[in-house]
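As structure tokens, the structure follows; a few thoughts come after it.
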Amino acid sequence: MLKFVILLSAVACALGGTIPEGLLPQLDGRIVGGTATTISSFPWQISLQRSGSHSCGGSIYTDRVIVTAAHCLQSVSASSLQIRAGSSYWSSGGVTVKVSSFKNHEGYNPNTMVNDIAVIRLSSSLGFSSTIKSISLASSNPANGAAASVSGWGTQSSGSSSIPSQLQYVNVNIVSQSKCASSAYGYGSEIRNTMICAAASGKDACQGDSGGPLVSGGVLVGVVSWGYGCAYSNYPGVYASVADLRSWVINNA
């Protein structure tokens with residue numbers, strides 16, 4: 001969960017008009033309209049913590065590597081980070097492991113949010129169990145409309161500064177790159193080939209914890225990246241596309 005919003009008035013000059021329609025990416029990881037769940041249903045989910053407080057979500061790729069979003073790891077040192085795995089609660093239970101290092105995608109651009117992916121290396125190995133499991137990386141993007149789920153400890157309402165203690169999830173449907181960039185939605189050319197979208201029909205839900213998992217067909221298909229807020233039906237949640245960034249993750253894990 002990233003507790004800030006990039007405001008138009010603050011950064012319009014810096015972006016130099018790269019974002020059309022006068023809108024800027026809003027990084028406000030949250031699960032709105034979600035349901036409490038247990039870690040056994042999402043055993044790859046971790047809480048990325050900065051100085052002991054939850055800051056982002058992530059997914060277990062191997063027993064020593066976590067996949068998360070690059071925007072979660074800006075202006076932070078590895079020594080201040082740890083992860084909690086194997087617990088439905090971000091503040092207790094399971095196991096905590098210190099972060100030894102991390103690497104952001106070299107092509108990550110905070111203005112366009114392209115290549116918004118990173119790998120975290122742990123100081124010791126996770127012991128796999130029914131509540132701590134790795135998840136495979138998608139090798140191709142799911143079809144438009146495919147069922148998916150997103151999980152995390154994001155704030156449950158727009159503008160809220162508090163987060164739930166228990167893991168939340170929401171069911172969504174994939175919106176393909178081409179569909180998300182089409183006139184059916186409002187993003188247009190902001191959707192790049194390293195992104196995939198998802199939306200929840202009939203719910204006020206768009207995205208979960210920043211850096212957290214979007215899962216479809218039992219594999220990791222997306223990493224929660226950005227969006228224009230859950231109130232707008234023509235702006236789905238936007239995720240880093242794992243299929244398009246798979247090679248980078250494998251080569252840098």
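Placement of Cβ uses the backbone N, Cα and C atoms for every residue, glycine included.
Under the heading signal peptide, Swiss-Prot lists 1-22. Summarising the annotation, Swiss-Prot assigns domain 'Peptidase S1' to 31-253 and lists sequence analysis as the type of evidence. Swiss-Prot lists Cys56-Cys72, Cys180-Cys197, Cys206-Cys230 with the feature disulfide bond. If you look up Swiss-Prot, you'll see His71, Asp116, Ser210 marked as active site, charge relay system. Marked as site 'Required for specificity' by Swiss-Prot: Asp204.
When the recorded positions Asp116, Cys180, Cys197, Ser210 are screened for a C-alpha within 10 angstroms of the C-alpha of Cys72 (disulfide bond), the residues that qualify, in sequence order, are Asp116, Ser210. For Cys56 (disulfide bond), the spatially nearest entry among the active-site residues His71, Asp116, Ser210 is Ser210, judged by CA separation. For His71 (active site, charge relay system), the nearest neighbour among the recorded positions Asp116, Cys180, Cys197, judged by Cα separation, is Asp116. The two recorded residues, Ser210 (active site, charge relay system) and Asp116 (active site, charge relay system), show a Cα separation of 10 Å. Note: the Cα of Cys180 (disulfide bond) and the Cα of Asp116 (active site, charge relay system) are spaced 17 Å from each other. Taking a C-beta cut-off of under 8 Å and a sequence gap of six or more, Cys197 (disulfide bond) has these contacts in its own chain: Ile174, Val175, Ser176, Gln177, Lys179, Cys180, Tyr185, Tyr187, Ile191, Pro236, Gly237, Val238, Tyr239.
For Asp116 (active site, charge relay system), the same-chain residues that are 6 or more apart in sequence and have a Cβ closer than 8 Å to its Cβ are Ala69, Ala70, His71, His105, Tyr108, Thr194, Val223, Ser225, Trp226, Ala240. Considering only the disulfide-bonded residues Cys56, Cys72, Cys180, the Cβ with the fewest other Cβ atoms within 10 Å is that of Cys180. Look at His71 (active site, charge relay system): DSSP puts it in a helix. Summarising the environment of Ser210 (active site, charge relay system), the number of other Cβ atoms within 10 Å of its Cβ, over all protein chains shown, is 28.
The 10 Å shell around the Cβ of His71 (active site, charge relay system) contains 26 further Cβ atoms across the protein chains shown. The average per-residue pLDDT of the prediction over the domain 'Peptidase S1' (31-253) is 91, rounded to a whole number.
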